[in-house]
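Accompanying notes for the structure given below.
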Amino acid sequence: MFRTAVMMAASLALTGAVVAHAYYLKHQFYPTVVYLTKSSPSMAVLYIQAFVLVFLLGKVMGKVFFGQLRAAEMEHLLERSWYAVTETCLAFTVFRDDFSPRFVALFTLLLFLKCFHWLAEDRVDFMERSPNISWLFHCRIVSLMFLLGILDFLFVSHAYHSILTRGASVQLVFGFEYAILMTMVLTIFIKYVLHSVDLQSENPWDNKAVYMLYTELFTGFIKVLLYMAFMTIMIKVHTFPLFAIRPMYLAMRQFKKAVTDAIMSRRAIRNMNTLYPDATPEELQAMDNVCIICREEMVTGAKRLPCNHIFHTSCLRSWFQRQQTCPTCRMDVLRASLPAQSPPPPEPADQGPPPAPHPPPLLPQPPNFPQGLLPPFPPGMFPLWPPMGPFPPVPPPPSSGEAVAPPSTSAAALSRPSGAATTTAAGTSATAASATASGPGSGSAPEAGPAPGFPFPPPWMGMPLPPPFAFPPMPVPPAGFAGLTPEELRALEGHERQHLEARLQSLRNIHTLLDAAMLQINQYLTVLASLGPPRPATSVNSTEETATTVVAAASSTSIPSSEATTPTPGASPPAPEMERPPAPESVGTEEMPEDGEPDAAELRRRRLQKLESPVAH
C-alpha cells in the first residue's frame, strides 16, 4: 500500500511538472496542448499518469463489486495480465501504422475490462466452495455481469458499424475481442444460475455437473468458431495475427477437453449403472460407511467400484462428470471396468431340464520319473532331439595290470537296449563293469557317470558329463481349455476379485514355466562350456593294424546278445587264442548309422579295440 501511494505521488508530481513547464513556455492553453502532444517525454509522462488513473479506477471498482480480493484471485489476475500485456504488445507491432493515443487507450480499456471478466469468473466459481452466500454477494455479481454485458455489446456494435463505414481496420480486432468477452459473460451467468439453484435446495443437485459440462461445451464451441473466423478474416484482409495464436490455442484445447470429458463421463456413468454392483448392508457395516465425497453416512444407494471403494451413487455421478477416477485411490475406472457379459440366449419352454454342466478339466498329475531323470522337455522346445532314456555309464579303460574283456562282451554290455528288460540287463552289466574297474587292485580312479538329473550327453561328445549341480524338476505345463463350452468359459472368466486373482496366478505360473525353461537351457550351456573338446584317439599301430581292428570290432557286433557274458569282479587272465575275434576276411562290413557317423558307443568300442590290439598281436 505504501509503494502504491509513493508511485501515485511521484506520477502526479511528474505530470504537474511537465504541464507547468509547457505552460511556462507557451503561456496559452492551445499552444501548451500542442507542445505536450508533440513532445515525446511529455507524452511518456502523460501515459504513465493515465495508467495510474486507470489503476486507481480499477481499485475503486474492485472494492465496489468484489470487496476484498482473495489471494487465489490476485494470483490468477496477475498471471493472466502478463500474458494479456504481451499479446497487446504483439498487437502493437501488427498495427504499427495505426499506432496513436486513441489506439493505446482502446487496448488499455480492453485489458481493463478483461481483468474484471476474469475476477467475475473466479468469484462465481467460488460460490461452489463457499457455504454461506450473502445477498450483498448476489447484488454485486449480478450488477457486475449486467454492466460487463452492456459494455461488451456496445463495443461490438461500435466495431461493427465502424467496419461497415470505414472498412477493415483495427476495430476488427476489438470487435472479435469483445465478442469473445460476451461469450465469457454468458458462461459466467449460466454458472451463477446453476450455483444459485443448487444453494437453494437442501440436498445436492445431481444434474448440476451435467449442465455445467454442456455449458462449457457450448461456449467453447462458440469461441472456437469466433477465433477461426477472426484468423481467416485477418489473414485475408491484413496479415497473420500473431497475438491471437495463444488465446486461440487455449480455446481449442478447452473445447477438446470439454468434448473428451462429455464422452468419458457418459461412459463412466454407463459403466457405473451396468457393471458396478450395489453395496450390501453387510459391506457398509464392515467398513467406514462415510462417503468421502459428501462426508455423509451411506445407508442405501451406494455403489462399489472395482477397487472395492464404496460411494453414494449420486456423488459418483457428479464426480464422473469431472474426472473418471476413484476419489480415494485415483484408479482409472474406465480401464479397470471389464466389458459387460452378454446374457445367454433364452431357452425354449418345452425343453427339458438343462443337462449338467461339464466339470472343469483337472490338471494332469506329474508322472513318476526314475531317480536322476528329468521330465521331458515341453513339445517344440528341441524338435531335432528324439526322446532319450538314461544313458549307461562307461567302464573305464583297463590298466596295464588288469585283464581285458573280450570285445564281444564289451560291445554287448555297452550297446543301447531296445526294451525294458534289455535296459535292466544293460544297466546291470554296466554296473558290474564299473565295479570291476574300481575294485581293489585297480590302478586308475573310476570315471564320472552321467550328470544326475541330466539324462543324456551331447550327441557329439564321447565322454560322459560330469555332474555340475542338482537341477530342479521341470514344472508341469498347464492344461488347455479346448474341452470347455462357452457357458463354462464365461463362468470361469468372471468379474469378481477371486477371478482377477486367478488370472494373476495364471500369469505367475506362465512366468515360472518360462523361468524354468531358461534355467534348464542355461545349465545345459554351462555344462557344455565347462567341457573341453573330445580327446583324439591315439594311434598305436600302423594303418593296416588300425583297419584290421576296425573290421574286427565290427564283426563283434554280429554276435547274439544271449552269448554275451558279464565279466566277474577281479582281474581276469588274457584271452586265449581260441577266444580271439575271427579273421577280418571272414566278416562282413557293419551297417553305418543313417547320418554316416558312428555314435558314442561305437567310438568307445573302437578305443577299447585299439588298446587290446597289442595283446592280440
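Keep in mind that glycine also has a Cβ here, set from the backbone N, Cα and C atoms.
Lifted from Swiss-Prot, the feature list:
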type	residues	note
REGION	1-84	region 'Necessary and sufficient for SEL1L interaction'
REGION	1-251	region 'Involved in FAM8A1 interaction'
TOPO_DOM	1-4	topological domain 'Cytoplasmic'
TOPO_DOM	26-41	topological domain 'Lumenal'
TOPO_DOM	63-98	topological domain 'Cytoplasmic'
TOPO_DOM	120-140	topological domain 'Lumenal'
TOPO_DOM	162-169	topological domain 'Cytoplasmic'
TOPO_DOM	191-224	topological domain 'Lumenal'
REGION	236-270	region 'Interaction with p53/TP53'
TOPO_DOM	246-617	topological domain 'Cytoplasmic'
ZN_FING	291-330	zinc finger
BINDING	CYS307, HIS309, CYS326, CYS329	Zn(2+) 2 binding site
REGION	337-375	region 'Disordered'
REGION	393-453	region 'Disordered'
COMPBIAS	417-451	compositional bias 'Low complexity'
REGION	480-535	region 'HAF-H domain'
REGION	535-617	region 'Disordered'
COMPBIAS	537-569	compositional bias 'Low complexity'
Neighbour-count leader, CB within 10 A, binding-site residues: CYS307, CYS326, CYS329: CYS326
Same-chain residue ranges lying at least 6 outside the topological domain 'Lumenal' (26-41) that approach it to Cβ under 8 Å: 18-19
Helix, strand and coil counts within the region 'Interaction with p53/TP53' (236-270) (DSSP): 31 helix, 0 strand, 4 coil
The topological domain 'Lumenal' (26-41), counted residue by residue under DSSP: helix, strand, coil: 13 helix, 0 strand, 3 coil
DSSP-derived helix, strand and coil totals, residue by residue, for the topological domain 'Cytoplasmic' (63-98): 30 helix, 0 strand, 6 coil
Listed in sequence order, residues not in CYS307, HIS309, CYS326, CYS329 with Cβ within 8 Å of the centre of the Zn(2+) 2 site Cβ atoms: LEU305, PRO306, ASN308, PRO327, THR328, ARG330, MET331
Helix, strand and coil totals (DSSP H, G, I; E, B; other) for the topological domain 'Cytoplasmic' (162-169): 5 helix, 0 strand, 3 coil
Neighbourhood of HIS309 (Zn(2+) 2 binding site), C-beta criterion under 8 angstroms, separation at least six: CYS326, PRO327, THR328, CYS329
CYS326 (Zn(2+) 2 binding site) in three-state DSSP notation: coil
Contacting positions for the topological domain 'Lumenal' (120-140) when only residues 6+ beyond its ends and CB under 8 Å are counted: 64-67, 70, 72-73, 76, 148, 184-185, 187-188, 191-192, 195-196, 198-199
Distant-in-sequence neighbours of the topological domain 'Cytoplasmic' (162-169), which means Cβ under 8 A and at least six residues beyond its ends: 98, 175, 233, 237-238
Same-chain residue ranges lying at least 6 outside the topological domain 'Lumenal' (191-224) that approach it to Cβ under 8 Å: 124-125, 127-128, 133, 138, 141-142, 145, 180, 183-184, 251-252, 254-255, 258-259, 261-262, 265, 294, 314-315, 317-318, 321-322
Per-residue pLDDT averaged over the topological domain 'Lumenal' (120-140), given as an integer: 88
DSSP helix/strand/coil residue counts for the topological domain 'Lumenal' (191-224): 27 helix, 0 strand, 7 coil
